[in-house]
Amino acid sequence: MEGPLSVFGDRSTGEAIRSQNVMAAASIANIVKSSLGPVGLDKMLVDDIGDVTITNDGATILKLLEVEHPAAKVLCELADLQDKEVGDGTTSVVIIAAELLKNADELVKQKIHPTSVISGYRLACKEAVRYINENLIINTDELGRDCLINAAKTSMSSKIIGINGDFFANMVVDAVLAVKYTDIRGQPRYPVNSVNILKAHGRSQIESMLINGYALNCVVGSQGMLKRIVNAKIACLDFSLQKTKMKLGVQVVITDPEKLDQIRQRESDITKERIQKILATGANVILTTGGIDDMCLKYFVEAGAMAVRRVLKRDLKRIAKASGASILSTLANLEGEETFEATMLGQAEEVVQERICDDELILIKNTKARTSASIILRGANDFMCDEMERSLHDALCVVKRVLESKSVVPGGGAVEAALSIYLENYATSMGSREQLAIAEFARSLLVIPNTLAVNAAQDSTDLVAKLRAFHNEAQVNPERKNLKWIGLDLVHGKPRDNKQAGVFEPTIVKVKSLKFATEAAITILRIDDLIKLHPESKDDKHGGYENAVHSGALDD
């Protein structure tokens, strides 16, 4: 009879692995916990080559961490997903997921099967989303532009630009509204990527500016070129305009020295013909990702066109989208002939090189296909400018979500407290085992107001108790249902009406973070076995060629 099956690796099962996973999740949450809320603290991260990042953004912190534990990796990916999908709420989603896991682990230790906990969590999440949509949303139509500004300010409150909240909130709202376009279905769309953010260190935050048009951090290729072109026809090229040289390995055998001159002449004529084909279509602004040599620049100067070299591929794509141009990586068509048609050109009202701040920039104004906007950020140093850019990205995403979903919910822990009370009452109406899981889900949500209060150096127990009392009153007594907007005022350390105070978050941020946190917690809860294979040794059996020779393994 054979012995038991051996697994080449470390195997841990049951309670041990579940506790391990919960601890890993809790340690990840503890890293970002102190950065939550308007008085959250920043993290300084130094990578292996010594690059420093100072940030308050949950997704950025977790992206820069080198995490080995598989369960902790799930939470890091969760923050990244929240950042890509919604753009904000990355810290809170990780904290909620870790708290859900911690409470689920307590239930499993009390001999409640993980499957019961999972089904309870799923039910609680579904009920929570339904309750938000039915009772807690505020329609943005009745609040207008103020609502957008307040949502942006709420997003920025914990960030470095929170001090100048009004200034940046107005800038963000104007930028998002500037890039609005209508898609095929007639729905308004707000592509946040169309807002180009440039950073220039020096001066103060308040001297940042919003520019109507696409700002390129480049200058014209030659001093002799025009600096301003009206009714621009833009060609976007993804190749270099330089004297064509023969490929390596090409050999030409010539018998007459004059032929050598002809070859050189032909090399320069090939590029000249390309430029003439481009200019013949009426193009007067040429943007290329490659270089343009002096010989080619001469033709553009003579034609009165503006040529810009070394444009970033990312910028070129955005300009092509905004102006209606096609990006060409070659002029060759399917027959192998080189052609350039006028339909490939984009259009803009004006392209001008201006000195803004301390740098020369090229501005592309009033593009034909879509409008575009650019923000130039000023700050004391590069770390500050980078963090300002991350903060602005979050705020832009928030404003976009509010405009697309047309609804917001009160911030400052109001939603979590309301859901906690509702789910506690809902749990008591359940007759099955899920009752305990739903009650734990309700308790887990209180981690958000709790953490907010702790980070603000307030008495969290007292504040959360008051908050729960208000929300309980709102749900029990229909006459006092306006109390459901009560959230925390962390500066003064007391509950307040966050609808009046203008603390708003997009509904989708709350709904998605609940769903994502629940799914992540369930994914980790389902794991009851971890098999970690031993890494294969790099050397072969004899430890390399030299050892093999010495040991005689190569002798026949």
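Glycine is treated like the rest: Cβ placed from N, Cα and C.
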Same-site residue for ADP (record: Swiss-Prot; known: GLY37, GLY89, THR90, THR91, SER92, SER158, LYS159, GLY412; options: GLU335, GLU337, GLU505):
GLU505
Where does the phosphoserine label fall among SER155, SER405, SER551, going by Swiss-Prot?
SER551
Considering Cα atoms only, can you say which of ASP88, THR91, TYR181, LYS199, LYS494 is the nearest neighbour of GLU505 (ADP binding site) among these recorded positions?
ASP88
Taking the Cβ of LYS199 (N6-acetyllysine) as centre, how many other Cβ atoms lie within 10 Å?
17
Where GLY89 (ATP binding site) and GLY37 (ADP binding site) are concerned, what is their Cα separation in Å, rounded?
10
Based on DSSP, name the secondary structure state of GLY37 (ADP binding site): helix, strand or coil.
coil
Between SER92 (ADP binding site) and TYR181 (phosphotyrosine), what is the CA-CA distance rounded to a whole number of Å?
32
Cα-Cα, whole number of Å: LYS199 (N6-acetyllysine) versus THR91 (ATP binding site)?
25
What other residues of the same chain, not counting GLY37, GLY89, THR90, THR91, have a CB atom within 8 A of the CB centroid of the ATP site?
VAL32, SER35, LEU36, GLY58, ASP88, SER92, VAL93, VAL94, ILE95, SER158
